[in-house]
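Noted in Swiss-Prot for the protein shown:
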BINDING   H18  Cu(2+) binding site
CARBOHYD  N34  N-linked glycosylation site
DISULFID  C47-C157  disulfide bond
CARBOHYD  N55  N-linked glycosylation site
CARBOHYD  N98  N-linked glycosylation site
DISULFID  C122-C178  disulfide bond
CARBOHYD  N133  N-linked glycosylation site
CARBOHYD  N174  N-linked glycosylation site
CARBOHYD  N180  N-linked glycosylation site
LIPID     I202  GPI-anchor amidated isoleucine
Amino acid sequence: MRLSLLVTLALTALIEAHTVMVYPGWRGNNLITNETFPYGMQWMYPCGGMGTSRNRTYWPTTGGAVSFQPGWFRGHLQAQLQINLGYGTDGPDGGPPNMSNIMVKPFMLLGPTNNPYPGTVCLPQVPLPAGANVSAGDRATIQVVEQAQHGASLYSCVDIIFAEPGDPRIPIVNETNCFNSTQFGFAQIYTVTTQEPSLDVIASTTTGSAPRYYSWAGWLPLVAGAIWMAL
């Protein structure tokens, strides 16, 4: 398992790949650029051009770990990350009908360089979406979204089957598949609220002193010129 992952990462480095999912699994290797995908597969919504996996991974009904490697492509000195969940198999190719259920709201990743870089991001306890009601045996898809600096997004997915916590079929989380590399920083995304201009302020700028100010401003160059000629 670890050997196959190392081989995948080596190939990734050669072809400037994108986001590699480490835990709980990966829908499949979509690190491909060819005539069919001239810009690369991972830019394609919802799962980077990969069809639904027939070999699903078990994941706890109470939420669990998600880890991935975000820096296998240029332009990710800063990136916006988000994790979503799609329920069921009623959508295209036996997958979810949509990926609109947010598990982790957008946050900023601060990378060490704008060139490709190694390193892992681990979220040890990703919660289920608000209002989620899942049972053991239900099927779903976890979607990791990485928005690059130029605005386009990369998509990677893992197809899961929910299982009760402690189920031996759930892959073990340990320090080799879920850790945060020290060269990464993180930041929250926030909004700035602007105040609507007051009508009183607008009125005060259209009457009274404002016209006189601009009137004097118009005369100032002429006055300055006259003083200079007198000297």
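Every residue gets a Cβ built from N, Cα and C, even glycine.
DSSP gives N98 (N-linked glycosylation site) a coil state; it is part of no helix or strand. Inclusion criterion for the recorded positions N34, C47, N55, N133, N174, N180: a C-alpha placed within 10 angstroms of the C-alpha of C122 (disulfide bond); this criterion is met by N180. Rounded to a whole value, the Cα-Cα separation of N133 (N-linked glycosylation site) and N98 (N-linked glycosylation site) is 17 Å. Distance from the CA of N98 (N-linked glycosylation site) to the CA of C47 (disulfide bond) is 11 Å.
Taking the Cα of N34 (N-linked glycosylation site) as the reference point, the closest of the recorded positions N98, C157, N174, C178 is C157. The glycosylation sites considered are N34, N98; of these, N34 has the fewest other C-beta atoms within 10 angstroms of its C-beta. Geometry remark: N180 (N-linked glycosylation site) versus N174 (N-linked glycosylation site), CA distance 12 Å. The distance from the Cα of C178 (disulfide bond) to the Cα of C157 (disulfide bond) comes to 17 Å.
Neighbour density for N174 (N-linked glycosylation site): within 10 A of its CB lie 10 other CB atoms from the protein chains shown. C122 (disulfide bond) falls within a strand segment according to DSSP. Taking only the Cα positions, the spacing between N55 (N-linked glycosylation site) and C157 (disulfide bond) is 13 angstrom.
Classification of C157 (disulfide bond) by DSSP places it within a strand.
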